[in-house]
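Colleague: Pasting in a structure now, in structure tokens, and then I'll have a few things to ask.
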Amino acid sequence: MRTAGRDPVPRRSPRWRRAVPLCETSAGRRVTQLRGDDLRRPATMKGKERSPVKAKRSRGGEDSTSRGERSKKLGGSGGSNGSSSGKTDSGGGSRRSLHLDKSSSRGGSREYDTGGGSSSSRLHSYSSPSTKNSSGGGESRSSSRGGGGESRSSGAASSAPGGGDGAEYKTLKISELGSQLSDEAVEDGLFHEFKRFGDVSVKISHLSGSGSGDERVAFVNFRRPEDARAAKHARGRLVLYDRPLKIEAVYVSRRRSRSPLDKDTYPPSASVVGASVGGHRHPPGGGGGQRSLSPGGAALGYRDYRLQQLALGRLPPPPPPPLPRDLERERDYPFYERVRPAYSLEPRVGAGAGAAPFREVDEISPEDDQRANRTLFLGNLDITVTESDLRRAFDRFGVITEVDIKRPSRGQTSTYGFLKFENLDMSHRAKLAMSGKIIIRNPIKIGYGKATPTTRLWVGGLGPWVPLAALAREFDRFGTIRTIDYRKGDSWAYIQYESLDAAHAAWTHMRGFPLGGPDRRLRVDFADTEHRYQQQYLQPLPLTHYELVTDAFGHRAPDPLRGARDRTPPLLYRDRDRDLYPDSDWVPPPPPVRERSTRTAATSVPAYEPLDSLDRRRDGWSLDRDRGDRDLPSSRDQPRKRRLPEESGGRHLDRSPESDRPRKRHCAPSPDRSPELSSSRDRYNSDNDRSSRLLLERPSPIRDRRGSLEKSQGDKRDRKNSASAERDRKHRTTAPTEGKSPLKKEDRSDGSAPSTSTASSKLKSPSQKQDGGTAPVASASPKLCLAWQGMLLLKNSNFPSNMHLLQGDLQVASSLLVEGSTGGKVAQLKITQRLRLDQPKLDEVTRRIKVAGPNGYAILLAVPGSSDSRSSSSSAASDTATSTQRPLRNLVSYLKQKQAAGVISLPVGGNKDKENTGVLHAFPPCEFSQQFLDSPAKALAKSEEDYLVMIIVRGFGFQIGVRYENKKRENLALTLL
């Protein structure tokens, strides 16, 4: 064993330190030989001192004679060890003591030149217990060697990154990036590779002092440790330009073991010290070849001694490894990178008090920040910055919808701007990455702008764990939902509300809502309303991008969904039907027998037969589905029972105007007066249980309709033919009278003849009405009847137009579109006020439609008319003579430019009867007016710039926040248009 007398052999000690584990196992011998080869490369000792080591290692344990001789020579100077207990034991003890002695002399001669004596004394004080124990024989020696092996293995385990198995990491370091791509290209590529694992940000850094030039590395920061772990395992072989990238984890506990302040405050444990020592023995890029150069690179006993002394706090902590300054900075703040302020750089370097503000800022996420929205405020911009500069700098973060740069006016020196993205995730990502970056010459400051409330919400933070039913269940608490655009698995969704108040309430309360767990919270922001739904109206045939609520959710809360379905335009109904029934191709099939026979008797050439039959079928299916969802056998008879009090002037508040849409398009006040609708009513009475069967088994709306028609075809054929013949006869007798004035039929008393002519007049086009009704009915516009024709006046301009009924009661339009003094028909409607298209005012119009009831409103479609339809009355002639005739699209363009609707008080000239009053609103094409249009109405309009939607509500002689027109400004605007 080792004593103080064996210090005089320090020159040969380096050779023996490498041979320590040779006496353990063959596997240990191989590993030690590899390490010895690595150690021989940087060693500075003489070649003649290394050659005996090679000979010893080649011979292994067979050269016992030479080892015995050496042990005898060295044992003479330290005979007081008590190691002379037999020849074999003496040889083994001498060999072990030589190993320890050589390591100690190596540490004293090479590593600690100035403090060799102190080091030697430490070794002696530590090795004396082992010397006493070694006199016991081979058992003690083997246990001592086993203990050394255990200490080595424990030290190796403690030197693993992160200091243990429980360490977490949220940051991945990507190195070996090469120099082919720019920093922005690398950052974009890494972001797109890792964004699928969770919320991520990427930072590119250049590390100086590593090799011949600066090394470029990337730090990928995740919000959750499990996301970083999944990304590291999934992206283990990332390739860039055919070069595999190196991915390393930056552990959270690695920084603590390296900080002197942390060691002073918290005494280091053995595992932390092991990580520190292991870190110094394995510097980056050095491998295992630098083991002998580290302070802890002594023998096994000395290493264990150092660990014990560090745990007790007697020795100062080891010096930190020579890391570059930039790398040290990056490891100080990788977790505060995403939301760092651009004007405060001190907290990036400091790890003490300076890091606390960053930790507080990092806590403010989009889920918690009430100011977070898709609009960014850009401050400290260069005075020469342009929109293209900002788009070029921010375009990589997402879709930019609007850029607004505010130039400094007189007395101001700062330039700022606003940048609007498509959603909150894009703006948040841009805010984190571009804060403090230099654009042209100035480092910009980025904050959130002011949110613009809309009725459409963007909801982020979703995933496969959020079903559509759960999303609808959580958001329908705040108001009626019109549509939800979401596919399960998407990361965000769009929710369209009916009112602005409901959307604002959901925006306020659902931000940060834990939908799917405490770590999966929602991000909510307002979104644009016009783009998505205009596409649905312009292209109705492709499949929609949202799913209908599942059956389970439909059974849970049918009432809110029914309310949303009543307010949804019919076109969206058809798209939802296609989602429910993907097996149907939705190609218009041959029309049913009832439709074909009716057309054959009433027309000569069925010009609009496919479109009309398809629209009738879809309208009937929408109505049947609404009734079937109520799950009541007698619900189909309920609308007919309501009609009796409605005809006598009663109004019902429990029916929304949209729910009566399919029935109200027929130009008759009551379905009882129409032979066609009477036959359909009889057909529904004949199979009374169809609603329950439709609810339980309905593979397709068209199939159900065909089945019911084929079932009752035989006993209803005669009734259909008689109804068609009677309608054709009534049409021939009453058409010339209606050609003179479409309103004279309303002056008669209630009877079957006027109502029949009303039902047949829905097949007349505007040109046929103006020509006296003598043209054939084949070119008629389907399901739209002419309710009024004349001039719309706005100051000194008149616009010929025709109005066709879309929804509601034709009697409302007939009774209010008259002269107040004489009661005769009115040929001109003069717009004197306008209503701003604000959401609260639009909600008020909708509320008044509901309050008025089915018999209290009428919705008309105004299209361009002919100048030949000008009335010959003296007052009309005088007004039109002093005004300039212009096309209707000029009026539409003016109202769209003003973002307003025209307002007309009815009847014209006032009326003493307060009960027979109303108001007309003329809406230009907008989201509010488009909900009342369907395919036949759009076919009649022919263009988005040539129609107005007229809403007449009875019983309201006052207006909602209207604004009187300025005559000079009005004339100038119309002249320019």
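Every residue, even glycine, has its Cβ placed from backbone N, Cα and C.
Computed from a predicted structure; not experimentally measured.
Here's the feature list from Swiss-Prot:
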type	residues	note
CROSSLNK	Lys246	SUMO2 cross-link
CROSSLNK	Lys406	SUMO2 cross-link
CROSSLNK	Lys420	SUMO2 cross-link
CROSSLNK	Lys445	SUMO2 cross-link
CROSSLNK	Lys744	SUMO2 cross-link
DOMAIN	170-252	domain 'RRM 1'
DOMAIN	455-529	domain 'RRM 3'
DOMAIN	777-956	domain 'SPOC'
MOD_RES	Ser109	phosphoserine
MOD_RES	Ser259	phosphoserine
MOD_RES	Tyr266	phosphotyrosine
MOD_RES	Ser294	phosphoserine
MOD_RES	Lys450	N6-acetyllysine
MOD_RES	Thr568	phosphothreonine
MOD_RES	Arg578	asymmetric dimethylarginine
MOD_RES	Arg578	omega-N-methylarginine
MOD_RES	Ser741	phosphoserine
MOD_RES	Ser767	phosphoserine
MOD_RES	Ser781	phosphoserine
MOD_RES	Ser935	phosphoserine
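What's the neighbourhood like for these features in this structure?
Modeller: DSSP gives Lys246 (SUMO2 cross-link) a strand state.
All chains included, 13 other C-beta atoms sit within 10 angstroms of the C-beta of Lys406 (SUMO2 cross-link).
Sequence-distant neighbours of Lys420 (SUMO2 cross-link) (same chain, six or more apart, CB under 8 Å from its CB) are Arg374, Thr375, Leu376, Ile400, Thr401, Glu402, Val403, Asp404, Ser427, Gly449, listed in sequence order.
DSSP assigns Lys445 (SUMO2 cross-link) to a strand.
The average pLDDT for the domain 'RRM 1' (170-252) in the predicted structure is 80.
Less than 8 angstroms from the CB of Lys450 (N6-acetyllysine) sit Asn373, Thr375, each of them six or more residues away in the same chain.
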Colleague: Relative to the Cα of Lys406 (SUMO2 cross-link), which of the recorded positions Lys246, Lys445, Ser935 has the closest Cα?
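Modeller: When the Cα distances are compared, Lys445 comes out closest.
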Colleague: Quick check for the class: what is the C-alpha distance, in angstrom and rounded, between Ser935 (phosphoserine) and Lys246 (SUMO2 cross-link)?
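Modeller: Cα to Cα, Ser935 (phosphoserine) and Lys246 (SUMO2 cross-link) are separated by 59 Å.
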Colleague: Count up the helix, strand and coil residues in the domain 'RRM 1' (170-252) according to DSSP, in that order.
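Modeller: In the domain 'RRM 1' (170-252), the DSSP-based counts are 25 helix, 32 strand, 26 coil.
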Colleague: Could you give me three numbers for the domain 'RRM 3' (455-529), the DSSP helix, strand and coil residue counts?
Modeller: 18 helix, 23 strand, 34 coil
Colleague: Counting all other Cβ atoms within 10 Å across every protein chain shown, which of the recorded sites Lys246, Lys445 scores highest?
Modeller: Lys445
Colleague: In DSSP terms, helix, strand or coil for Lys406 (SUMO2 cross-link)?
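Modeller: Assignment for Lys406 (SUMO2 cross-link) reads strand.
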